[in-house]
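Worksheet: one structure, shown below.
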Amino acid sequence: MKILFLIILTAFFIGVHCKHGYPIIRAGRDKGCKVSCVINNQYCDTECKQLKGRRGYCYFWRLACFCEYLPDYVPTWSRATNKCKAK
C-alpha cells in the first residue's frame, strides 16, 4: 500500500512540473518565434522529444509545433512576452 501511495504521489509531482505550449527558436534571425510546420506531425514530435516533451504535433491553424508535457525550464511562446521579429 505504501508503494502504491508513493507511485501516485510521484506521478502527481511529475505532472505538476510540466507544461504545454509552442516551443520557440532560441537563436538566429527567427529567435523568439514559434517553431513552424506545415502538417508534419513527425517533425514536431521529434522537436518536442528533443526538448524532453512527451509528444508534439503540428497545430494546423497556427502553422506551428505544439508540445505537451514540456519541462518548466523549456521556453515557450507567449503573446505577452512575444519577441519574434521575423517578417
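Quick reminder: no glycine exception, Cβ is built from N, Cα and C everywhere.
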Selected from CYS58, CYS67, CYS84: Swiss-Prot disulphide partner of CYS37:
CYS58
With the disulphide bonds as Swiss-Prot has them, who is the partner of CYS65, out of CYS18, CYS33, CYS44?
CYS44
Looking at Swiss-Prot, which one of CYS18, CYS67 makes a disulfide with CYS48?
CYS67
CYS18, CYS84: which one closes the disulfide with CYS33 in Swiss-Prot?
CYS84
If you draw a 10 Å sphere on the Cβ of CYS48 (disulfide bond), how many other Cβ atoms land inside?
23
Along the domain 'LCN-type CS-alpha/beta' (19-85), what average pLDDT does this model show?
91
What does DSSP say about CYS84 (disulfide bond): helix, strand or coil?
coil
Three-state secondary structure of CYS65 (disulfide bond) from DSSP?
strand
Are there disulfide-bonded residues among CYS33, CYS37, CYS84 that sit within 10 Å of CYS65 (disulfide bond), Cα to Cα? If so, list them; otherwise say none.
CYS37
